[in-house]
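Inspection log for the structure reproduced underneath, given as structure tokens.
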Amino acid sequence: MRTNPTTSRPGVSTSEEKSTGRIDQIIGPVLDVTFPPGKLPYIYNALVVQSRDTADKQINVTCEVQQLLGNNRVRAVAMSATDGLMRGMEVIDTGAPLSVPVGGATLGRIFNVLGEPVDNLGPVDSSATFPIHRSAPAFIELDTKLSIFETGIKVVDLLAPYRRGGKIGLFGGAGVGKTVLIMELINNIAKAHGGVSVFGGVGERTREGNDLYMEMKESGVINEKNIEESKVALVYGQMNEPPGARMRVGLTALTMAEYFRDVNKQDVLLFIDNIFRFVQAGSEVSALLGRMPSAVGYQPTLSTEMGSLQERIASTKKGSITSIQAVYVPADDLTDPAPATTFAHLDATTVLSRGLASKGIYPAVDPLDSTSTMLQPRIVGNEHYETAQRVKETLQRYKELQDIIAILGLDELSEEDRLTVARARKIERFLSQPFFVAEVFTGSPGKYVALAETIRGFQLILSGELDGLPEQAFYLVGNIDEASTKAITLEEENKSQK
């Protein structure tokens, strides 16, 4: 196999003398192209078809070389619709892989898989481009220190902390606050870490992508008046795109994130929604290329494809890429090869609960189902670990007692269990938090809570020092001092009403 030399040299796209071939065969989004002897393109090279169709409309299709078939023929996958293409049309080898714009000029903009802006705001003013196929950072460049990535969100930082440069799976259905949580994380990384975010919509519904863009503009994550002050770049490959585009859009987003990490030396947050669609697109392409399917009809190269994407998401000595990936689980089967392969790469899982959302507790992160490999005494320290374990024990006991409470009522519980229930309800409410990006909807100012403050707050609840405060005082507040202040306000309101 001829591999592309540009993929091993980050940021370099050396273009040789461009050779031209002819389309030999078209099967859906897959093209077979014949080149002159000795002029074959490398694997992953971008090919361009520029012509006119029978209605004299301009055709501009970019493809990526996937296989060398022999007899001077290559098989390529199109990144856009192949409508209007015909056998015999001229195909130009660009001599390099797909390259996309990178840097500060990408912030606040929406791109497609080719790095072309699709937001009708004109061309991108960026001279720097990176090829989307790049090697993972060398082992000696990696930052192997285990450090917590503080998000300022109490429930995440205490019970399922994120690893700096780690990978987090975000599990949640429709309407439980996934988008708001994503936007808050984008906002907090910009304010607390001076970082930026890249959002990769892989197999997204176009409507959802549009809604996210509009909500980001409303909340100030994207600054319309001064686009350079935006905190996020968006890359979309929607559901209606050919499988080639959906398979590569994740790499486009990752390439933009790598520039911020390696060149700007920033902490970057990379969102991929949905990582399952990346696998699904790879499965479609694999079948189109004639590969024998593997387990459950997935591509035989499933682990390799997932690994090549995930290994590039890492912390180096220059900066970090922390990735949050929405994971769709087909038919709720966690043993399905797609989610099972993803789980092998995750450091933490954040599970959003419809039950908590229906109670009005936001963020609706399930404190018992969410997990993290970082929650170990040697990493987070004994104080943090013990507080988190006691919080989980209290909530678990409350969960066990709920059936008894529903049938017999609170009065039938022992004194100790009644105290556990009261504290668990306070903990549940204290895990809620007003978000900066939701200020326009709630009217409450957003709160960023430092990890030390979070631990102190839960320790005070568990110790019983705050047993006298009403549970409403803990709902939608930042640190524990605000809960005490809110309790005094509630008491004064009750007195004035009497």
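Each Cβ is built from the backbone N, Cα and C atoms, and glycine gets one as well.
Remember, predicted model here, so these are calculated numbers, not experimental data.
Now, the feature entries from Swiss-Prot:
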REGION    1-20  region 'Disordered'
COMPBIAS  1-14  compositional bias 'Polar residues'
BINDING   Gly172, Gly173, Ala174, Gly175, Val176, Gly177, Lys178, Thr179  ATP binding site
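Apart from Gly172, Gly173, Ala174, Gly175, Val176, Gly177, Lys178, Thr179, the residues listed for ATP, the same chain places the Cβ atoms of Leu352, Ala357, Ala364 within 8 Å of the centroid of those Cβ atoms. Sequence-distant neighbours of Gly173 (ATP binding site) (same chain, six or more apart, CB under 8 Å from its CB) are Leu352, Arg354, listed in sequence order.
Cβ-based neighbour count (10 Å, all protein chains) for Gly175 (ATP binding site) stands at 12. Residues near Val176 (ATP binding site) in space but far in sequence (CB under 8 A, at least 6 apart, same chain), listed by position: Leu352, Ser353, Arg354, Ala357, Ala364.
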